[in-house]
Amino acid sequence: MGLSTTTDQPAEPTVDPQFTGTAAERPATRRRIYPWLVFALTFGLLLSDYMSRQVLSAVFPFLKAEWALSDSQLASLTSIVALMVGLLTFPLSLLADRWGRVRSLILMAVLWSIATLFCAVAANYEQLLAARFLVGVGEAAYGSVGIAWMLSVFAPRVHSTLSGAFMAGGSFGSVVGVSLGGVIAVHLSWRWSFAAMAVLGLILVAMFRAVVTERRLAAHAVDQDAAPVARPDSRPIRVPVSTLFTNPAVWCAYLGGGLQIFTSAVLLAWTPSFFNRYYGMAPDKAGVIASVFVLLIGTGMVVCGMITDRVSRRNPAGKWSSAIAFCVISLAALGIGLQLETGAAQLTLIGIGAFFSAGSSGPTAAMVASLTHQSVRASALGSLTVANNILGLATGPFVIGILADHRGLLGALQLAPLVYLPAIVALFVGRRIYASGLAKLAAQSAAAAAKA
């Protein structure tokens, strides 16, 4: 069964399976197809984003051997990207809301692809760190801008599923980056691993530029708000940017979303090294095996998003309960699994924990979307991206890298699941105040409509 891309709008003609296509029916068909085309291209660029970001994990053993780097130095090469994404996402999301999301994205994608080429020619740790810095600048606002487009052309009832699927693109891109990067590094060199990811990114940018425009996105936009909206002949309704930070329920979603992604970020960065060191695998095999667990993370994000949409169909607050449940399952599975000896039992529990480790990502994105006005939604999702990167994607690998220098990698990994505890607290509080958060949004929208 397909996912609808419309809300309560005039019904479009039903397309018969044997449909040959009259002039009147063809526009309706194109209207159904275009949102999925936007999703596919946006998803493809997200794959490129994370392939460029996570290919580094596959070449950790080569960099450690060639340049004699410590675990904390290796972690800094990963965390600098997430740190720049965290610091620049919000201002660049604001710029994209006003300057144009399509133009902003094309510029960002070109920058991160060229910066990945710079990684391929780096001569030492400092040059590679500078190139990774530029990768982070290029990737800064892509997640928030891309997901804002996607949600704008789909109905709210499928937002958790699509948000989870979109955010899972990071894991799927990581799968390709880690597995393919490791194989290329063994057979050619680690420099060619970076070069391959950069070329693919530039090809996808060209395809995106040929298909997606601001005008086409506007033509397929779906009304997202239950609150009063502007009449066709009135000025567009815009709420103040300050509304992103005056709703306590939104803050809970930011905190819960950022903290729950800490452990999955650790798994994305360190599983290739874990298999290389503790299971005695060669770097290319370690990358391939690690990519299976990364794939579990991405699959879990999609499946958990679908579960959340079903659970919250009659009770919107169910998004919060689902997110809490996913955190609890991952905490238990990883907490036990990382204490066991190497073997099948450990791998099974780590696999279960990986599947649910980022399962709350789709629900938290849907929470933020439901608690913010569509005029600032890209900025709101940008704020969530800031939280995800500062609290999780940047902090997780770096903290574990520092701990690994003192406790060993396994000892450091055993502590990572504990970060789910504050995430669960934030999500529990958010669930308690969700109704008041929706009421606050309705009041803000009504006030903005009165001024329009």
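For all residues, glycine too, the Cβ spot is worked out from N, Cα and C.
Per TrEMBL, domain 'Major facilitator superfamily (MFS) profile' is recorded for 37-434.
Residues annotated as region 'Disordered' in TrEMBL: 1-21.
According to TrEMBL, the transmembrane segment annotation covers 33-52 (among others).
Residues or ranges marked as transmembrane segment by TrEMBL: 72-92 (among others).
According to TrEMBL, the feature transmembrane segment maps to 104-123 (among others). Taking Cβ pairs closer than 8 Å, the transmembrane segment (104-123) reaches residues 45, 48-49, 52, 56, 92, 95-96, 130-132, 134-135, 137-142, 145-146, 191-195, 197-199, 201-202, 204-205, 208-209 in its own chain, all 6 or more past its ends.
Residues or ranges marked as transmembrane segment by TrEMBL: 129-154 (among others).
With a cut-off of 8 Å between Cβ atoms, the residues of this chain six or more beyond the transmembrane segment (166-186) that come close are 39, 42-43, 46-59, 62, 143, 146-147, 150, 192-193, 196-197, 264, 268, 272, 282-288, 290-291, 294-295, 297-302, 305, 358, 361-362, 365. Annotation source TrEMBL lists transmembrane segment at 166-186 (among others).
With a threshold of 8 Å between CB atoms, the same-chain residues lying at least 6 positions outside the transmembrane segment (192-212) that come near it are 37-38, 41-42, 44-45, 48-49, 51-52, 55, 58-59, 102, 105-106, 109-110, 112-114, 116-117, 119-120, 177, 180-182, 184-185. Here TrEMBL flags 192-212 (among others) as transmembrane segment.
Within the chain, the transmembrane segment (244-268) has long-range Cβ neighbours (under 8 A, six or more residues past its boundaries) at 54, 57, 82, 171, 174, 293-294, 297, 323, 326-327, 330, 334, 353-354, 357-358, 360-361, 364-365, 367-368, 371-372, 376, 379-380, 383-384, 386-393, 395-397, 400, 413, 416-417, 419-420, 422-424, 426-427, 429-430, 433-434, 436-438, 440-441. Taken from TrEMBL, the feature transmembrane segment applies to 244-268 (among others).
According to TrEMBL, the transmembrane segment annotation covers 288-308 (among others). Counting same-chain residues at least six beyond the ends of the transmembrane segment (288-308), those with a Cβ under 8 angstroms from any Cβ of the stretch are 54, 57-58, 160-165, 167-172, 174-176, 178-179, 182-183, 264, 267-268, 271-272, 274-275, 279, 281, 318-319, 322-323, 326, 350-351, 354-363, 366.
Sequence annotations record features per position, and here TrEMBL assigns transmembrane segment to 320-338 (among others). Residues 256, 260, 263, 300, 304, 307-308, 311-312, 345-350, 352-357, 359-360, 363-364, 367, 410, 413-414, 416-418, 420-421, 423-424, 427-428, 430-431, 434 of the same chain lie 6 or more positions beyond the ends of the transmembrane segment (320-338) yet place their CB under 8 Å from a CB of it.
Long-range contacts of the transmembrane segment (344-369) within its own chain (CB-CB distance under 8 A, at least 6 residues past either end) are made by residues 147, 151, 156, 159-161, 163-165, 167-168, 171, 224, 249-250, 253-254, 256-257, 260-261, 263-264, 267, 293-294, 296-297, 299-305, 308, 319-320, 322-324, 326-327, 329-334, 336-338, 377, 380-381, 383-384, 388, 417, 423, 427, 430, 434. What TrEMBL records for 344-369 (among others) is transmembrane segment.
Marked as transmembrane segment by TrEMBL: 381-403 (among others).
Feature annotation from TrEMBL assigns transmembrane segment to 409-430 (among others).
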Chain residues in Cβ proximity to the transmembrane segment (409-430) (below 8 Å; excluding those fewer than six residues from its ends, i.e. six or more beyond): 71, 249, 252-253, 255-256, 259-260, 262-263, 266, 270, 273-274, 277-278, 320, 323-324, 327-328, 330-331, 334-335, 338-339, 353, 360, 367, 396, 400-401, 403, 437
